[in-house]
Amino acid sequence: MPSLFTNPNNEESQCLTPEINQSRRYSFSRDKSVVSGLLSDSDAAGARNNGMGPSSSSSVSLVGAAPGNINSEYGSYQQDATGEKKSIYGMIESEQADYEQFDHRSLPRKGLDKLLKRKRYFARKVFLDGTTLPHKSFPKNVVRNQKYSFIFFLPQVLWEQFKYFFNLYFLIVALSQFFPPLQVGYLFTYVAPLVFVLSITITKEAIDDLKRWRRDVKANSQRYTRLTVDGSERVPSSKISVGDLIVIEADERVPADCILMRTTEKSGASFIRTDQLDGETDWKLRRAVKLTQELPSNHSLFDIHAAVFAERPHKAIYDFIGKLTKYDAAGQDVEHIESLSLEQTLWANTVVASGTVVGLVIYTGKETRAVLNASSPRSKMGKLDQELNNLSKILFALMFLLSLLLVACKKFQGSWLITLFRFTLLFSSIIPISMRVNLDMGKTAYSFFIMRDKKIPGTVVRNSSIPEELGRIDYLFSDKTGTLTQNDMIFRKLNLGSSYFELTEHDESTLKELREITEEAFAQEEGQIDTATKHIRDMLLSLALCHNVTPSSSSADDAVKEYQASSPDEIALVKFAESVGLVLEDRTMNNITLKTPQGNLLVFDVLIMFPFTSESKRMGIVVRERDHPENIFYFIKGADTMMSKLVKPSDWLDEECDNLAREGLRTLVFGSKRMSTEIFEEFKMEYETAKSKVVDRSQHIEETRLRWEKGLDLLGVTGVEDKLQEDVQGSLENLKNAGIKLWMLTGDKVETGICIARSARLISRNQPMYKLIVDDETQLLEQLTEYAGQNDDYLALVIDGNTLNMCIQKPFQKLFMKEVVKSACVVCCRCSPTQKAQIVKLVKKYTKKQTAAIGDGGNDVNMINSADVGLGIVGKEGKQASMASDFSITQFKHCTRLILWHGRNSYKRSARLSQFIFHRGVIISIIQAVFSAIYFFAAIPVFTGMLLVGYSTFYTMIPVFSLILDEDVKDDIVFTYPELYKDLQKGRALNFRTFMTWIWKAVFQGGIMMLLAIALFEQKIIRIQSITFSALIMTELLMVCLEVSRFKIWMLLSVVLSMVIYIASIFLLPEYFDFTFVFSFDFWWKTVVLVLACNIPIYFFSFIIKTLNPPNWKKLTRGNHGPMKERIMRWIRGRL
């Protein structure tokens, strides 16, 4: 075929239009000047800015063209009989904006983007034979979730560890021992602990990454059928590329982002499961492209000349804009254009639930929606970890000052810098390297305890690094629907304006009356019934037709119908229609079949359908009754805020919606419009024009709808009840008593939010409430000032989304946040998902306190991720919130036990464990300091080799780690007195005061131990070493026994086991122990004296303090301890 377009300014340019060769593959010129000549004015400017060269001087002329061809400054167009200008590739001039999304970057720009790792995404045009425009290599379709590469695994892991100061500090300490002047002991002593910790970390990372690699290999090796001109072939998922036509069987994973071209389902639609993509458990309906679905076979796809334009890849899984263009046999003129939307997409990682489908691959690998929305494993650093990090800095300063003091006492003699460094190395155990390992193991254990708790079944810990943060929560942000409520919708009220119906659980009279009315409405032809009956008939038809529900028969009983829908609201409406006699019998892509009370079937052809979106706040459907083609109905249902603008004026609508909202019911307003065939065709033409737009398609469709939806007939209002979750009232009451401030963030109306808040006891019956609802900034400032003057911490605040949006802007943000955080509880209504996340971030910013967020739907994910602790409920809205959370639960009431019980234990145990480890490191350093001071400030280690290594591992690790089993109170006391949680919020288990208390204990015990050892024993270093180390081990084991709140058998066994290991080491390590001396009576009685001297004063003062100032839980339960203890306590107070 001759070239249709050439560039006179470039004789070497090739044909730019599609040219069909024997393999039916299209070829395009890469000549930049020609390409720029094909773009619209804005496109040409964009091309010049991207280094594609000038275009204004490069006009494209038509060679051998028929009359009607038009040359313009920016390109050549063909004008058809309608006067519409068509450019090359068959695109009309107004849609040349498609090409603005193509990759027009120059080679230097591409190189710079690659060097700076800047991700750029561009649109593409994919022909059915696999050719793409522009010509470029798209990402490989490989799944890669590995964190490390095989070659650089070790360097990457080491970098992750040593980029932190303290890990780097331990590395420097270990490396310093390779230099003789700095050696203070055996190399093994300093290298072994570091190697041990690194080995655990590297092994854990290697195992986790190996699991990821195996999952990737399995996913990349899954084989699919790829259609070709010559037939078909089986290829692995990793070999699939953009432009391939892939056959996907039922229950198979979709390997890449595709357009649904064909399906074996007669209706032309297939269901997919998206739970692995968005967490939603309901099946989603996807419709095949109408043009390709009507082809006789799959291989007929290669017999037509068509291309799919796909917008640039982005993260939004619920949005897609594209179109399919069919050309004539010459590949020149456009014969058909069909718009593509989300309904024609198959995103990667979804699963085909019904039928066998053929998909055209448009995005692969890193450009798929699944990968773009994937995030690396979240790494949250808890408040406890931050506090320990700060305390470790204090210990580092203490270690340096202690070293400097000893050097100063030596009057900086000789190579004092080397001596200073040697002392620093000797005291390096002050900062215990085992801290991180012990805490991580403890967190793993806490997570295990949570998941094994039979009182909260189904709980899953998805982030094991922050279980102790459950014990520090100050603010809890909660969704309403599905979180505080069951998301189990029950139809309760129907208001038709002239008549009103209320359904109750135990009263069947209303339902019986409605059945009689329905039977009467459908017993006669429409023209034979009166206006009132006709109104009821239209309302029931809107309930049964305006939805996305698909019926299916139960496998056990074909008479029992089950329904699939994306919203439980819709199922409740369809079930209500069924209960009064109008049954949804069948549904396909093109028609809906209803069964009347008389058993007759009414078939309606679906002409146009507008799905519900959060932006439009309504859903619409245009249907034609098959037996009466003149009856074309346009049914619409939606939120009252939107529908009140569309329906004819009504004197009862607003009042009724407010009444239903005050009762806590979810309201929907129904409207309709009847169309003649002529009016519908006019509407359809405008809609198709808007739908064919690529740029701002949604806006064009919305404008078209609004023009035709004005003046709807108001049919009625429905009220659907969403029941409260089990024991949600008691749970909220306990959380409030625990000092946690509760916020309810919901998208419902203000009246509905207040009603649910009161029924759930989020707002108490007599609790004062302030409504902050304004229309402009002047009113906002006045109300904020009035609200700030309330000075009532018991006050509850109610605010709507519009007011909240103004409040979180800069002029009012500081004042608003200063006052709102004081409220006992806050109810935010008409709140968007973005606002939910914003308010959580602002509370964190202004209060610096711990926040938690709980939700059950995909719209709660941002809020959950923004909080310090995310709680997800596995509910009817799917698993997306659960998968994104740190802790997944099955009911709201479980969060009470999770926070008050497991949060308390995890925080108290981690605080006690960390301080005990600090104590263990400081006491041995003090012993070393006293030893060096007595022996002329010599930088000589008192403990070396296996003694130093075994001290924090074999001899003391098990008993100290057994503290993770400790419980200061029983769970019944925690739930009887939830106020005990307030102590945890103040951080009293671990703060500077408790930290210094443990440091002083270590200083006293270490000093007394070393001084008495030298005083009681002969001046033989091996005897001083053995007696001091023996006393040190016994002191640590005794401290564990004295510090635990409730002794358990496992703790006793750990102490006994550690003592057995220590006695065994006396035989195994003769170089550290004088065997004869150790088993003498003199050794043991003096060792006992040392241990008692170190511990009795500590225990005595602790007993006095706890007696005079007992813990709050003891104060609350003091009456249970009996009169004897009271008399003892009064006697002690009297003597003091």
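Any Cβ shown, glycine's included, is placed from N, Cα and C.
The domain 'P-type ATPase N-terminal' annotation in TrEMBL covers 135-190. Per DSSP, the secondary structure of the domain 'P-type ATPase N-terminal' (135-190) breaks down as 29 helix, 0 strand, 27 coil.
Annotation comment: TrEMBL describes 185-203 (among others) as transmembrane segment.
Feature annotation from TrEMBL assigns domain 'P-type ATPase A' to 225-369. Here the domain 'P-type ATPase A' (225-369) returns a mean pLDDT of 88 for the predicted model.
Positions annotated as transmembrane segment by TrEMBL: 388-408 (among others).
The transmembrane segment annotation in TrEMBL covers 414-433 (among others).
Feature annotation from TrEMBL assigns active site, 4-aspartylphosphate intermediate to Asp479. Same-chain residues at least 6 positions away in sequence with a Cβ under 8 Å from that of Asp479 (active site, 4-aspartylphosphate intermediate) are, in sequence order, Met744, Leu745, Thr746, Lys836, Ile854, Gly855, Asp856, Gly857, Asn859, Asp860, Met863.
Counting Cβ atoms from all protein chains shown, Asp856 (Mg(2+) binding site) has 33 others lying within 10 Å of its own Cβ. As annotated by TrEMBL, Mg(2+) binding site applies to Asp479, Thr481, Asp856, Asp860.
For Gly747 (ATP binding site), the same-chain residues lying six or more positions away in sequence with a CB closer than 8 A to its CB are Thr481, Cys829, Arg830, Cys831, Ser832, Asn859. Annotation comment: TrEMBL describes Asp479, Lys480, Thr481, Glu570, Phe612, Lys637, Arg666, Thr746, Gly747, Asp748, Arg830, Lys836, Asn859, Asp860 as ATP binding site.
Annotation source TrEMBL lists domain 'P-type ATPase C-terminal' at 883-1110.
For 917-940 (among others), the entry in TrEMBL reads transmembrane segment. Outside the transmembrane segment (917-940), and at least 6 residues removed from its termini, the chain residues within Cβ reach (under 8 Å) are 184, 391, 395, 399, 402, 406-407, 409-410, 419, 422-423, 426-427, 429-432, 434-435, 438, 951-952, 956, 960, 995, 998-999, 1001-1003, 1005-1007, 1009-1011, 1014, 1028, 1032, 1035-1036, 1039.
Residues annotated as transmembrane segment in TrEMBL: 946-965 (among others).
According to TrEMBL, the transmembrane segment annotation covers 998-1017 (among others).
Within its own chain, the transmembrane segment (1023-1042) has Cβ neighbours under 8 Å at 916, 919-920, 923-924, 927, 942-943, 947, 951, 955-956, 959-960, 962-963, 1005, 1009-1010, 1013-1014, 1016-1017, 1051, 1055, 1058-1059, 1062, 1072-1074, 1077-1078, 1083, 1086-1087, 1090-1091, 1094-1095, 1098-1099, 1102, counting only residues six or more beyond its boundaries. Marked as transmembrane segment by TrEMBL: 1023-1042 (among others).
Here the transmembrane segment (1049-1068) has long-range neighbours at 946, 950, 954-956, 958-959, 961-962, 965-966, 1030, 1033, 1037, 1040-1041, 1075, 1078, meaning same-chain residues at least 6 beyond its ends whose C-beta is under 8 angstroms from one of its own. Residues or ranges marked as transmembrane segment in TrEMBL: 1049-1068 (among others).
Sequence annotations record features per position, and here TrEMBL assigns transmembrane segment to 1083-1105 (among others). Residues of the same chain lying 6 or more positions beyond the ends of the transmembrane segment (1083-1105) and with a Cβ under 8 Å from any Cβ of it are 1001, 1004-1005, 1008-1009, 1012-1013, 1016-1017, 1026-1028, 1030-1031, 1034-1035, 1038-1039, 1042, 1077, 1132, 1136.
Within 10 Å of the Cβ of Thr481 (Mg(2+) binding site) there are 26 other Cβ atoms, across all protein chains. Counting residue by residue with DSSP, the domain 'P-type ATPase A' (225-369) contains 20 helix, 61 strand, 64 coil.
Across the residues annotated as binding ATP (Asp479, Lys480, Thr481, Glu570, Phe612, Lys637, Arg666, Thr746, Gly747, Asp748, Arg830, Lys836, Asn859, Asp860), the two Cα atoms farthest apart lie 26 Å from each other.
Residues 166, 169-170, 173, 176-177, 181-182, 184, 190, 193-194, 197, 392, 395-396, 398-400, 402-404, 406-407, 917-918, 920-922, 924-925, 928-929, 932, 939, 941, 948, 952 of the same chain sit 6 or more residues outside the transmembrane segment (414-433) yet have a Cβ under 8 Å from a Cβ within it. The local packing around Arg666 (ATP binding site), expressed as other Cβ atoms within 10 Å of its Cβ over all shown chains, amounts to 21. Remark: Phe612 (ATP binding site) has Asn548, Ser567, Arg618, Met619, Gly638 as non-local neighbours, by Cβ distance under 8 Å and separation of at least 6 in sequence.
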